[in-house]
Amino acid sequence: MTTPSMEDYIEQIYMLIEEKGYARVSDIAEALAVHPSSVTKMVQKLDKDEYLIYEKYRGLVLTSKGKKIGKRLVYRHELLEQFLRIIGVDEEKIYNDVEGIEHHLSWNSIDRIGDLVQYFEEDDARKKDLKSIQKKTEHHNQ
């Protein structure tokens, strides 16, 4: 079972490897704004739990288990960003909002949010209807 912190690391490592082809402790530390020694400790734990293989000074490689969960975590993050955009959350608030909620939702909830995103993406009229409702409620709340 992964903790929210483990998930943040796995997600970041997965994204770095997808983007650069590799992930170094220094890259992970910079991306997560943490000290390299914290990264080393977590990477050793993730190695022990078989999410990745870590060789000091040689970098790290995600195992198939690590890749699978990494892909799912990136999907969850991107889906939540897409959902918040659809419902009209201010762009500058989206990242922090996703970071605040992503670890607290069950995968069942994520799947249902995915259904909602798909529903809105399939027909632009649905997005327009939502915006119309939001305008009415904004008007009533003023």
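Glycine too: its Cβ is placed from the backbone N, Cα and C atoms.
Counting only same-chain residues six or more apart in sequence, none has a Cβ lying under 8 angstroms from the Cβ of GLU99 (Mn(2+) 1 binding site). Residues or ranges marked as Mn(2+) 1 binding site by Swiss-Prot: ASP8, GLU99, GLU102, HIS103.
DSSP classifies GLU102 (Mn(2+) 1 binding site) as helix under the three-state reduction. The C-beta environment of GLU102 (Mn(2+) 1 binding site), restricted to residues of the same chain at least 6 apart in sequence and closer than 8 Å, consists of ARG76, HIS77, LEU80. The Cd(2+) 1 binding site annotation in Swiss-Prot covers ASP8, GLU99, GLU102, HIS103 and is backed by experimental evidence.
The Cd(2+) 2 binding site feature in Swiss-Prot is assigned to GLU11, HIS77, GLU99, GLU102.
As annotated by Swiss-Prot, Mn(2+) 2 binding site applies to GLU11, HIS77, GLU99, GLU102, with the evidence given as experimental evidence.
Mean model confidence of the domain 'HTH dtxR-type' (1-63) amounts to 94 (pLDDT, 0 to 100 scale). Residues or ranges marked as domain 'HTH dtxR-type' by Swiss-Prot: 1-63.
Other C-beta atoms found within 10 angstroms of the C-beta of GLU11 (Cd(2+) 2 binding site) number 22, with every protein chain shown included. Taken residue by residue with DSSP, HIS77 (Cd(2+) 2 binding site) is part of a helix.
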